[in-house]
């Protein structure tokens, strides 16, 4: 008689347990066990519990290959799904094998699990496992299909509603309830105050501070108090929610005729525009990719879209200061260059229109497309290409956990007819064109932070905390990825032979980057180092980069005068004609303002089931080597978190968004 000891763990989330019957069958190279009921005295499969069971066979089954688990009803009780976390099997030969599941199982459902070390397709040597692998991928390819949302945009998943998603990639009930509660409470407060849906105009800037009673952060209050200051305006292009847009300026564009005389009063005494450019102190924000995109209509009339240029100077106090703004690409009498010495509200309006365009670029391109949509591409391609036993699936899946859910839910909320982004100055059609243009110009190097920083000439600009923290995180992630990838791919030939790995990158190239070879994106992997670099980029973008462009949205964008997606009046074309009344009339009305503020709170809040970067509550690797690599990864992240906390304690404006403890492990909100 041979005995197999089973330890079966039920998930700890709400409603994870079940009262149904659970059966198990073990398959080995020699034999298979009888279908065995897992039943102990008392209640089995309770939430968060691990139960021990025994399967007896007349002889050893040989090397264990698969575990089959079946769920059948108990008496006449109603259906209750079971969240099956994992099973650990101890064989008569004293082998201890992990079988990860981490998914919901319904009544009548059969689940077959692979256990042991991660396996690539060419390593399989048993017909049963080869067939199992093939069937798993066939099922996944039929389940996860591609859909074109709009021409020239990364493709999306084929599900129309989150209820259609497989349970293992949906939000838990508790997380969804948490988000729904936050949304409801915000809506109730705004309705009680009579703000939601109001078409009234703001009577004063101070009134905007009264939108919420308690929804405030230290930074959101700082923004409301300092939004008009030039040094804080410049600071936001380094450490706000869109830190990826300015570039070092060594020569002015020909369509931006800034003269020495114009800017000399704002430069260091004795210096000049030419000298400042030679010293590397001049930086430019050029919104030329937005030029010519038709704006949306507002009350039957077209809005006004600017595609401007803003020149910055790092002054002797190491502050990045805006010193010249032109609101459209072609200079003319009706398109003057605004300066800090102009009337206060003229300069203020010029800065607001630059930020209006920046907000739309941030939300549609840098936030939605370059993190959410790309993360979805990486995830769908992985789900279609990798069986769960594949080492790259085990490495990547934690960084895709809820991405399909939030994207499927979020697209209509943001881009539907009543979506916040559809009500921006560009509207849905304009934003689609902006994303289309950006993707056509996007390069592989622009998605890799070290190359991005170098290409923009920002290696030495002071007080650039996004760069400082981001580069450290890039290196920590790369070191972890390198260790794991090289463990499973000791040579380039292993990369060549892995057809599933090649399928993944091919699908990403085709459906994410739309086959753009000129942009440098790989269509296939040839070396181990190529896999390391691309995987580092994927994990960085789905964790660190998303945190950088998402987590500060309430801080910086809930205060409409600082960051408005919609401006209702045209930009100034002559100087000396504006007032604070003009500023208030230009801002979104009350209802439009509070809708955006409510959304930014929802996107910046933290919810149940939050998983920080480097935390892997699901045990997927069975080998000691990757487990040790994860521990070392977590230790490096912890050291960095301590260093960032220490630095921030000395800053007037702490930069917290890339503290590893504040970075979620996937695009989940």
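Glycine too: its Cβ is placed from the backbone N, Cα and C atoms.
Marked as domain 'PLAT' by TrEMBL: 2-119. Taken from TrEMBL, the feature site 'Essential for stabilizing binding to COTL1' applies to 104. Residues or ranges marked as domain 'Lipoxygenase' by TrEMBL: 119-669. The Fe cation binding site annotation in TrEMBL covers 367, 372, 546, 669.
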| residue 546 (Fe cation binding site): tally of other CB atoms within 10 A of its CB | 25
| Using an 8 Å cut-off from the Cβ centroid of 367, 372, 546, 669, can you name the remaining same-chain residues around the Fe cation site, in sequence order? | 368, 371, 375, 406, 549, 550, 603, 667
| Rounded to a whole number, how many Å is the Cα of residue 669 (Fe cation binding site) away from the Cα of residue 104 (site 'Essential for stabilizing binding to COTL1')? | 22
| query | Can you count the other CB atoms that lie within 10 A of the CB of residue 669 (Fe cation binding site)? | reply | 21
| query | Over the domain 'Lipoxygenase' (119-669), what is the model's average pLDDT? | reply | 96
| task | Under 8 Å Cβ to Cβ from residue 372 (Fe cation binding site), same chain, six or more residues apart: give me those in sequence order, or none if nothing qualifies. | result | 403, 406, 407, 410, 546, 667
| request: Using all protein chains in view, find how many other C-beta atoms are within 10 Å of the C-beta of residue 104 (site 'Essential for stabilizing binding to COTL1'). | output: 20
| Cα of residue 104 (site 'Essential for stabilizing binding to COTL1') to Cα of residue 367 (Fe cation binding site): how many Å, rounded? | 31
